[in-house]
Every structure is written in structure tokens, then in C-alpha cells.
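S.K.: Dumping the structure here so I can ask a few things about it.
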């Protein structure tokens, strides 16, 4: 009887081990490749925010600022250094989407927030409060949670399969809503409120970004299959996805420059991350049906990880306005217009700016 009990216990342990292994499928070899590429991407992109911001400040001192429609930064070498750094990061990010699902790659952008916040504190003298450091820690914890419970990459053998997924009614509806919303923001709200409300610039970047990520993933899959011997360049769908990527990236770059030049870097980065990641996860769940390959426990855990990251970015955002004693001025929104006048100071409330203009 004792021997039978031992055998039964051992069998249960083995069954439990196999059950855990079957439920935990996130870290496949492709997912690991995507993870390494995504982490590298976040490092380069986080650093590029600071270098580009320095270039924008230098260009704005001798020309028309990007925040008011100027393009003098195109003649500034430092801005181009930041742009090249960002391109390197985006290339790594592009490659990551070819190996891992968007629900794994996109949230890891939290690392770029940490890097940009720390570098902004050191280089741009933008204060990082102790709760901002806690926010960075929360971003790391949330990212780790998502990495450990990410879904397996979907097996796709042709870009036509991706096109079929993008042509389904649910994603077509999502894309139509995004395009209409972006056009309304660009032509109606941004001309009136772009200089005083950060969400309009970032909203355009994030909505367009969700479509660009889906197209980048499609293009990455096409190139991966082509390099493996299955030529996908003969399909017009591959070139359509390429066109969408180009249009979306140019739009994102333009409005992100405006946001960076107008508002504080430590505010732009977390808000952009939260909105961009949220819309990208929604787009990926609709188009690639990531959650169809997971059980409810994994989905809930991923969402808890994402909420943890959101909490971290919220702390980074809110504590930017905190004074040394921990107090937070009411209804304060920072504008970088004041930084140029006060020597990288903390800025002044927009309500005061508007009254001064009047």
C-alpha cells in the first residue's frame, strides 16, 4: 500500500509538471529571440528621446520650433544622431515582431520609459521624484509578468494569411474607426488645442501606431519567410503593408516631434507608451487573435502585468509635477515653452500661460 501511495504521488507530481509545462508556452525559441530584440530596441529608443530632445532645443533656439510647425531641426546634426539611434531601435523592434506576438513585444517599451526618464533626469535636468523611481520598478515588474505569460507566436506560412486576417470584418471596422478618429484629431482638434493638450498629439501617434505595428508584423513575417526560401515579395499584399508602414511611421514621427518639442519629455514618454501599447494590444487581439491560444488564467495574468505597467507610468507622470516636499500643484500641466525661457525649469501651469498671453 505504501509503495502504491508513493507511485501515485510521483505520478501526480509528473502530471502536475506536464500540466504546468503545457500551460506555460510563452518562452519558445522564437519568443526568446523576440524578447532580446525588443529589449535592445527599448534601450536605443529610450536614449533617442533624449538626444532628439537636445537637438530640438538647439534647433529651436536658432529657428522655428517644431511645436509651432517649424522644421529647422532637420538641419541640426544632433537631432539626426537621435533619429539614427531611434531607427536602430525601430529596426530591432521590427525584427522582434517577426518572431514574437505583439502582446509580448509592445509592452516591453516600458523599458524605454525608464531609460528616457533617467537620462532626462541626468542630462536634461528634468527632476525624477522618488515615486518616479518606484514607477520604474513597477514597469519592470509588469513587463516581467507579461514576458513570462506571453502567448506563442501564431504559425503563418504566407503573407496571404496575414492579409486574410486583416480583411476580416472586425479588424476592418477597427481600422476604419482609427482612420476617421485620426483625421478628426488632425484637422479639427490639433489646430485649436494641440499646444495646450498633450493627448491630441499623442492620440494621433498612438492610433496610427497600432496600425503601423500590425503592418510591421505582416512585413516582418513576409521578410522572414522570404529569407527562409519562400518568396513573399511577389505578392502585392507585401507591398501594400510596406506602404502602410511608411505612411504611418512618417505620421507618427511628425506628431511625436511636435509633442516632444511642446511638452516635458518625462510626461510625453509614459503617456505615449500607455496609449500606444493599449491600442496595439487591442489591434493585435482583434487581428491575430492572440488570446484564442491562451487560457483565462494567462490572459488575466497578462492584464495584471499590463495594469502594473500602467501604474508605473502613472507614477512617472504624476510625480513629475511634485515639488521636493512631495506636494503636487493642482491642475498643473507642463509645457516646454517655459523650459526655453527658464533654463530647463519645471515649467508653469498652462492656465497662467494663457492669462499671460491674453
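These residue numbers are counts, starting from 1, taken along the chain as shown.
Yeah, the Cβs are placed from backbone N, Cα and C, and that goes for glycine too.
Just so it is clear, the model here is predicted, and its values are computed rather than measured.
TrEMBL feature annotations, pasted as is:
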| type | residues | note |
| --- | --- | --- |
| COMPBIAS | 349-358 | compositional bias 'Basic and acidic residues' |
| REGION | 338-358 | region 'Disordered' |
| TRANSMEM | 32-51 | transmembrane segment |
| TRANSMEM | 72-92 | transmembrane segment |
| TRANSMEM | 98-124 | transmembrane segment |
| TRANSMEM | 131-151 | transmembrane segment |
| TRANSMEM | 171-191 | transmembrane segment |
| TRANSMEM | 198-219 | transmembrane segment |
| TRANSMEM | 239-256 | transmembrane segment |
| TRANSMEM | 263-287 | transmembrane segment |
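Can you walk me through where each of these features ends up in the structure?
M.R.: Long-range contacts of the transmembrane segment (131-151) within its own chain (CB-CB distance under 8 A, at least 6 residues past either end) are made by residues 24-27, 31, 35, 100-101, 103-104, 107-108, 110-111, 113-114, 117-118, 266, 270, 290-291, 293-294, 298, 301-302, 304-316, 318-320, 322.
Residues of the same chain lying 6 or more positions beyond the ends of the transmembrane segment (171-191) and with a Cβ under 8 Å from any Cβ of it are 165, 200-201, 203-204, 207-208, 210-211, 214, 251, 279, 282-283, 286-287.
Long-range neighbours of the transmembrane segment (239-256) within the same chain, counting only residues 6 or more positions beyond its ends whose Cβ lies under 8 Å from a Cβ of the stretch, are 90, 159, 162, 182, 201-202, 204-205, 208-209, 211-212, 215-216, 218-219, 222, 233, 268, 272.
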S.K.: For the transmembrane segment (263-287), what are the same-chain contacts with Cβ under 8 Å, counting residues 6+ beyond its ends?
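M.R.: Distant Cβ neighbours of the transmembrane segment (263-287) are 46, 49-50, 53, 101-103, 106-107, 109-110, 112-113, 116-117, 120-121, 124, 126, 128, 132, 135, 165-166, 168, 170-171, 174, 178, 198-199, 201-203, 205-207, 209-211, 213-214, 217, 256, 306, 309-310, 313-314, 316-317, 320, 334-336, 339, 347.
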S.K.: Take the transmembrane segment (32-51) and find every residue of the same chain, 6 or more past its ends, with a Cβ under 8 Å from one of its Cβ atoms.
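M.R.: Residues packing against the transmembrane segment (32-51) from afar: 78-79, 81-83, 85-86, 88-90, 92-93, 95-101, 104-105, 108-116, 119-120, 123-124, 147, 153, 260, 265, 268-269.
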S.K.: Who are the long-range neighbours of the transmembrane segment (198-219) in its own chain, taking Cβ under 8 Å and residues 6 or more past its ends?
M.R.: 93-94, 97-98, 102, 106, 159, 162-163, 166, 171, 175, 178, 181-182, 185-186, 189-190, 237-238, 241-242, 244-245, 248-249, 251-252, 255-256, 258-259, 262-263, 267-268, 271-272, 275-276, 278-280, 282-284, 287-288, 333
